[in-house]
Amino acid sequence: MSGIALSRLAQERKAWRKDHPFGFVAVPTKNPDGTMNLMNWECAIPGKKGTPWEGGLFKLRMLFKDDYPSSPPKCKFEPPLFHPNVYPSGTVCLSILEEDKDWRPAITIKQILLGIQELLNEPNIQDPAQAEAYTIYCQNRVEYEKRVRAQAKKFAPS
């Protein structure tokens, strides 16, 4: 494992614990031996107030490669969400998460999670990743928002 990646992720964890947006979660997972795995984080993004996503808490896994922060983490909703920019596998399609697009090593975990929260309610229809959600979003916004509200209710924190 890269010392650069681990040191950056340790800084990220410290900064997150000191200050993070209300309702968001970002925690490194534990290895079988109980030690912390900084390369694999369990996160959760709350649906934004005043949107059909409100009330939901959407679980996301963030996986970092050894060359982080040169390369972005892979962000994957578990379980996958109904959304035009979420692949059926759950992987998020967002330009700041793509090395050859808008990724920059200075982007923080907090910025990534806030960017994904923004994307939930403002899909990028130029870059669809899920045919069904994309089609319904474009053709029947009322039905799309109904499905999103049902999903938010399903993923409401207990």
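Note that the numbers count up from 1, one per residue, in the order the chain is shown.
Including glycine, each Cβ sits where the backbone N, Cα and C put it.
Checked against Swiss-Prot, the range among 13-18, 79-84, 127-132 recorded as region 'Interaction with SUMO1' is 13-18.
Just one residue in K65, K110, K153 has N6-acetyllysine written against it in Swiss-Prot, and it is K65.
Within the set K49, K76, K146, Swiss-Prot records SUMO2 cross-link at K49. Residues K48, K59, K154 are shown; Swiss-Prot lists SUMO2 cross-link for one of them, K48.
According to DSSP, I4 (site 'Interaction with RANBP2') sits within a helical segment.
In this structure the C-alpha atoms belonging to L57 (site 'Interaction with RANBP2') and C93 (active site, glycyl thioester intermediate) are separated by 19 Å. Using CA atoms as reference points, the recorded sites I4, D100, K101 were checked against V25 (site 'Interaction with RANBP2'), and the closest is I4. The recorded positions recorded for this entry are K18, K65, C93, D100, K101, and the Cα of K65 lies nearest to that of I4 (site 'Interaction with RANBP2').
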